Amino acid sequence: MIRQCRGILLFEVLDIRNSLTIFWTILISCMALSFGIQFTTGGNLTVSSSAAVYIFSAIAGFMTVKETYPFSIKRGATRKNYYVATSLFLLMLAMFMAAAHTLLIMVIEGMGSMMVNGNFKIYYMAKFLGHENLYLVNFFIDGALSFFLLSGFFLLGSLFYRFGLLGGYAAIGLGAVLLFIPAVRNEFIKTGFEFLGDQALQHFGYLIGIGAVFLAIGWFVLIKAAAKTVSTR
């Protein structure tokens, strides 16, 4: 089991390596270009890279099933081992995204502090919440959000893979319908504001638990899924 899980994990890492390289190359290049323009022209400029990290996490989670599940099963992997390896992969990817983004923030803020003319700042959640130990807090927040998005969209991707467009869009439609219910919508808005309150870190911690629940549901979706998607059978 351990050997097979290690093989699946290695395959998933190699599969996403190019995407990660392209993403971080583009993001770092954009930040460097912004800093270069600000350094030569002066003035004040505030940038943010958090949204890009979260969007990439969502896309990566959604594509994981389609890109790795068929190959793993066809190569003889059991669904249980695939699930274990993929869960670990998503957790590791979330931690990597959080660590890389926090390091990028540290570098940008260090470069910004050396500017004589103008002001170059980067916006991120930990700074907005006003906590001490900004970088450690940002690593936690980015890790929690990335894991939540990775696991949530992994579940959505599993639904699309197992049940096709009908099942995937039905899940999206159900979520949209729930938001039209006043009680659900009000609770959703209330919860959103709590992520900006005094107990924000606690609520970000809850996202890790919710992400684990998404992964558990994903297991039941994939437990009998074939090695081919509905559209290719």
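Note that Cβ sites are derived from N, Cα and C of the backbone, with glycine treated the same way.
Features reported for this protein in TrEMBL:
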TRANSMEM  20-39  transmembrane segment
TRANSMEM  51-69  transmembrane segment
TRANSMEM  81-108  transmembrane segment
TRANSMEM  134-156  transmembrane segment
TRANSMEM  163-184  transmembrane segment
TRANSMEM  204-223  transmembrane segment
For the transmembrane segment (134-156), give me same-chain residues lying six or more residues beyond its boundaries with a C-beta closer than 8 angstroms to one of its C-beta atoms, as numbers and ranges. 50, 53-54, 57-62, 64-65, 86, 90-91, 93-95, 97-99, 101-102, 105-106, 124-127, 168, 171-172, 201, 204-205, 207-208, 210-212, 214-215, 217-218, 221
Please identify the stretch among 51-69, 163-184, 204-223 with the greatest number of Cβ pairs below 8 Å relative to the transmembrane segment (20-39). 51-69
